[in-house]
Amino acid sequence: MWKAALVLGGSLLVAIAAQITVPFFPVPMTLQMLAVLVVGAALGFRLGSLALLAYVAEGLMGLPVFSKGGAGLAHLFGPSGGYITGFVLAAAVAGWVADRGWSQRLLTLIPGLALASIVLYIPGLLQLKVLSGADWGQVWAWGAGPFLLGDSVKIVLAALIVTGGWSALRARKR
Ligand SMILES: O=C(O)CCCC[C@@H]1SC[C@@H]2NC(=O)N[C@@H]21
């Protein structure tokens, strides 16, 4: 029961983060990546992946959980939809990293979350490339360049939130 609550709670966190946007074209700046990394690293591979699969299922059922209240197959296969596929993969990688005990220390979690973020970008950029037919320079300028600095901050923030959360839990148990 509590596992279902964690999965649904994780998907809700990503849905809320999707509504905090800065309108870049054709891919918006959002807080989803921060939420995805926190959910994956906090819940681990199995529950983290399930939370993001639940998120995608909610969007496909018509709930306005994607960026700017988006939903449905058209959004998933639209210009920013590849990143949504990437979110599932990134949560899985962040969870895999956590399952190895690397979410206890910033020194191991930050590189792990950076790897998850690279994995997130692969389907995002590939889908943008296929849909737009633009050259890779343009795809990079639309889909990666404007976000690299902000997303680096999100990686560090996510690592601070997760390691801080575990420290607080350990302190309470003592
Ligand atoms: O439409 C959606 O719901 C997905 C939006 C994806 C936005 C991507 S995630 C990686 C990069 N960082 C951002 O802040 N925006 C893009």
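For all residues, glycine too, the Cβ spot is worked out from N, Cα and C.
TrEMBL annotations:
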- 27-45: transmembrane segment (TRANSMEM)
- 80-99: transmembrane segment (TRANSMEM)
- 106-126: transmembrane segment (TRANSMEM)
- 146-169: transmembrane segment (TRANSMEM)
Residue numbers, six or more beyond the limits of the transmembrane segment (146-169), whose CB comes under 8 Å of its CB atoms: 24, 27, 29, 31, 33-34, 37-38, 41-42, 98, 103-106, 109-110, 113-114, 117
Tertiary contacts of the transmembrane segment (80-99) (same chain, 6+ residues out, Cβ under 8 Å): 14, 26-28, 32-33, 36-37, 39-49, 51-53, 55-56, 59, 66-67, 108-109, 112-113, 115-117, 119-128, 162
